[in-house]
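What TrEMBL records for this protein:
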| type | residues | note |
| --- | --- | --- |
| TRANSMEM | 9-34 | transmembrane segment |
| DOMAIN | 9-239 | domain 'Major facilitator superfamily (MFS) profile' |
| TRANSMEM | 40-59 | transmembrane segment |
| TRANSMEM | 71-91 | transmembrane segment |
| TRANSMEM | 103-125 | transmembrane segment |
| TRANSMEM | 146-165 | transmembrane segment |
| TRANSMEM | 177-199 | transmembrane segment |
| REGION | 217-239 | region 'Disordered' |
Amino acid sequence: MLRLLKSPLILVALFCVVMTCYTLGFLDASFAIYLDQFKLSAVVIGILFMILSALYAISSPLFGWLSDKGIVYPYMIIGCIVTSVALLLLGPSPLLPFLHAEIWLIVISLIMLGPAVGAALIPALKCLYTGARHMGFQDGLDLDGLVTGLLNSAIHFGFFLGPTIGSPVVQEYGFEWSATLNASFTLLAAILMIAYVIVEKTCLHYDDDKNPSDVKTDTTFLTDAPDGHTTDTSPLDGE
């Protein structure tokens, strides 16, 4: 598994996942408390939470389908950028002094945030597989286990960091600055993904259209068997 972490694409994709899940964990822990200032009923607060979750659930199959059809980098980049903008509006951020906390602005932010989270999270799985193939791993159950393990670790690490870091920041500096800090993290994820795409297109020249099973890499070795035939061994067998 450690060999997978040598892939810059995998590292960037995992960072995007962690920061996106950090956003969700942060909102789970502090958003309801922030809404107390509006004196809303429990039903209205539940509806506000439902907006984000419902739009994420609706958009996820779409981004999964789009990821299977083409390049995934633009979706993750746009998803992280829109997430940043939505978080800046959600507070709203002190960096936007011309905006004030209003319910309609919160609703718009949540409407933006739902599909944006889907765009940033769902294509990450394909990025992990692509990065693994770039490292010479072959498709199979072993690779499936490694990739899904990494993805789930990143997701739960992000949900752990959200309340762990976000809540103390909210208590010390307020929800607005905490959301702004969160927005800077997701914007950084978008910048890192853009930087990776530029490097890949100008320096690495990976051929993602080629079938990975047709690519000969140094991770599959031919060894002489006792009967004179050759057998394939893969580093995955020992991991």
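A Cβ is built for glycine as well, from the same backbone N, Cα and C atoms used for every other residue.
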Candidates 9-34, 40-59, 71-91, 103-125, 146-165; stretch with most C-beta pairs under 8 Å toward the transmembrane segment (177-199): 71-91
Top partner of the transmembrane segment (9-34) among 40-59, 71-91, 103-125, 146-165 - counted as Cβ pairs under 8 Å: 146-165
